[in-house]
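Engineer: The feature phosphoserine is assigned by Swiss-Prot to 413, 423, 428, 432, 433, 437, with experimental evidence given as support. Feature annotation from Swiss-Prot assigns region 'Disordered' to 390-438. What Swiss-Prot lists as transmembrane segment is 37-57, 65-85, 106-126, 140-160, 172-192, 205-225, 242-262, 288-308, 321-341, 353-373.
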């Protein structure tokens, strides 16, 4: 009990104590370090709005709460956008730096994902109280989002592959971020299908399925790399483990998109992709596939939660970072997919489970918002040396695995491996005991 008390005391000083303020730095200088990761907050806020809009067990006023969250998201997005604009105008070099930085460029995806939730909530909260013009607004925003997210995805991965060479040791769940925005196109198509006429919905559904599949397959590739990292290197530092919830999002959102898109196809008149007698089969297949991949999302959710809690109750340092909003957004897909599966198979248990997890996420969001405000006010965020832009680039993977790099830049461990490979490709004497761990 004594050790547990000491750990909790340490966590209090790291996460809740207000008497740990760093030296004062003018706000204009702090905004130089206002990185893209701040949009993870608006991404999560939009996700909470989506959860509130999908709760199966509702009470009077819940829709009003959802609209308040929607307005809050718009306010925060405008505020963060203004801060980012100030940063780029005051410090023009940060425009290029933010794109070329090995970590910060990944978080540009959180800005796009915030916009995706904005479009989703237009259909939930704005469309019922507006006119025909909202149908056009949603459709135009959707196609703009599709184009921008795909361009970002391609260019982000190209820059990563071209400028940064990673090792298994540096594998991170954040690698999945660039594929998230195009993947969410399927979720948006499913969310807005009730607002669009059939002849327009068909094209939106095609793009949605296409990009949802793209996102899911790329996710599987990157997920495998991260699992290999866990096997060979172990889990990340406790402070970085909330990022593991990123693995929950793609399978959960894919299941959600399949069900919602199928429901839109079945309910449209005239029918799209289905006939009068085949709608029920489309619903069955989509639900079947959603359940098939839901298990992966549930496993990733449990693994991430256990890993974080195990790290929380250690003496390893634990400081809040904007990346902690990964607790929320990926799990939004898990909650909504669970609820929709429950509706399709008429299971109150599934719906109740999704509802409970959704309530927990709303509570987590409130706590994370508090931690974010506290971290900013005590100079733990948006402060020189404490944000993503201060992270050093990964060491290049060289030697045997990548002989195109100059030998003098090879990490020491790989240089040792390389000394035991002959010029003809054959192996020389086995390494000595001091190198056996390499």
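Backbone N, Cα and C atoms are what each Cβ position is placed from, and that goes for glycine too.
Just tell me what is around each of these and how deep it sits.
Structural biologist: Distant neighbours of the transmembrane segment (37-57): 63, 65-66, 69-70, 72-73, 76-77, 80, 83-84, 104, 107, 110-111, 113-114, 116-118, 120-121, 124-125, 191, 321-323, 325-329, 332, 335-336, 339-340, 342-343, 351-352, 354-355, 358, 361-362, 365, 368-369, 372, 382, 387-388; these residues of the same chain sit at least 6 beyond its ends, with a Cβ under 8 Å from one of its Cβ atoms.
With a threshold of 8 Å between CB atoms, the same-chain residues lying at least 6 positions outside the transmembrane segment (172-192) that come near it are 50, 103, 106-107, 109-110, 112-113, 116, 119-120, 122-124, 138, 142, 145-146, 148-150, 152-153, 156-157, 160, 204-205, 207-216, 218-219, 222-223, 225-226, 236, 240, 243-247, 249-250, 253-254, 256-261, 263-264, 323, 326, 333.
Long-range neighbours of the transmembrane segment (205-225) within the same chain, counting only residues 6 or more positions beyond its ends whose Cβ lies under 8 Å from a Cβ of the stretch, are 143, 146, 149-150, 168, 171, 175-176, 179-180, 182-190, 193, 247, 250-251, 253-254, 257-258, 261, 264-265, 272-273, 293.
If you look at the transmembrane segment (288-308), the same-chain residues 6 or more away from its ends with a CB under 8 A from one of its CBs are 216, 235, 238, 241-242, 244-245, 247-249, 251-252, 254-256, 258-259, 331, 333-334, 337-338, 340-341, 344-345.
Residues 35, 37-38, 40-41, 43-44, 46-48, 50-51, 54-56, 107, 110, 113, 173-174, 187, 239-240, 242-249, 252-253, 255-256, 259-260, 287, 290-291, 294, 297-298, 301, 347, 350-351, 353-355, 357-358, 361, 364-365, 368, 371-372, 381 of the same chain, all 6+ positions outside the transmembrane segment (321-341), place their C-beta atoms under 8 angstroms from a C-beta of that stretch.
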Engineer: With a Cβ cut-off under 8 Å, give me the same-chain residues at least six positions beyond the ends of the transmembrane segment (140-160) that come close to it.
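Structural biologist: Same-chain residues near the transmembrane segment (140-160) but 6 or more away: 99-100, 102, 105-106, 108-109, 112, 115-116, 119, 122, 175, 178-179, 181-182, 184-185, 188-189, 192, 204, 207, 211.
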